[in-house]
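Enquirer: Got a structure here, written out as structure tokens. Questions coming.
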Ligand code: KIV
Ligand code: NA
């Protein structure tokens with residue numbers, strides 16, 4: 001991307017181009033992704049992928065800040081979004097205190113939080129205080145235990161109501177996760193801010209994928225919506241196996257790699 005996005009250019013993209021978003025959790029990969037995508041999300045999915053926890057619920061502000069600082073250091077020219085961890089925005093006061101921490105302790109451009117209408121008093125408190133907020137509706141990973149699993153959300157009227165309420169509360173974009181494509185299309189048409197889909201079909205304003213899923217590094221399971229653009233796990237295993245074998249049989253290092 002030629003120039004770093006702002007919330008205005010992101011909003012303006014709605015009717016002209018699809019928005020490309022990917023997660024990143026560290027400086028190394030953020031730097032690789034940055035010139036190729038519109039936005040980077042430091043998702044709390046890192047709790048599962050980088051910390052091997054069963055869900056996102058135990059991610060902390062400290063953990064998210066550490067990874068966001070790393071991503072921003074690696075990709076200062078990328079529009080970067082901080083995923084507010086579970087428990088960090090249960091009321092207006094805590095949400096603002098934690099969002100201010102994000103702006104003061106990292107270079108994140110925006111925060112994201114999960115929830116619809118029921119979270120709008122919190123969203124508008126943040127936006128009124130100068131915080132850029134991205135919404136997240138549909139399947140809510142932070143509700144996995146309370147909802148008894150990862151539930152695809154298909155209540156169209158409720159989702160449209162949620163999207164409109166978030167727009168009124170001042171979000172600059174909305175993530176829509178795990179929703180049937182035809183419903184996602186109607187939700188997308190119901191608001192003027194971009195709707196970024198994940199498992200929500202093609203008739204949305206952009207897509208987001210978790211980097212380790214789309215590059216094939218995460219092998220435990222593959223949700224239907226994940227397309228693997230690389231077989232990362234296979235490449236890594238072959239390369240490390242070759243290294244191990246060459247060390248064992250004395251073929252590495254040769255003179256070329258010795259002082
Ligand atoms: O944490 C995350 O990676 C996310 C995306 C899946 C939207 O919230
Ligand atoms: Na998340």
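Placed from the backbone N, Cα and C atoms, the Cβ positions cover glycine too.
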Enquirer: Please identify which of 8, 83, 94, 157 is recorded by TrEMBL as part of the Mg(2+) site containing 44, 114.
Expert: 83
Enquirer: Considering only the recorded positions 44, 83, 112, 177, which possess a Cβ situated under 6 angstroms from at least one atom of ligand 2?
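Expert: By the Cβ criterion, which requires under 6 Å to ligand 2, the hits are 44, 83.
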Enquirer: Out of 44, 114, which has the highest number of nearby Cβ atoms, where nearby means within 10 Å of its Cβ, if these are the binding-site residues?
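Expert: The residue with the densest Cβ neighbourhood is 44.
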Enquirer: Starting from residue 83 (Mg(2+) binding site), work out which of the recorded positions listed here (45, 112, 177) have their Cα within 10 Å, and give them in sequence order.
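Expert: Within 10 Å of residue 83 (Mg(2+) binding site): 45, 112.
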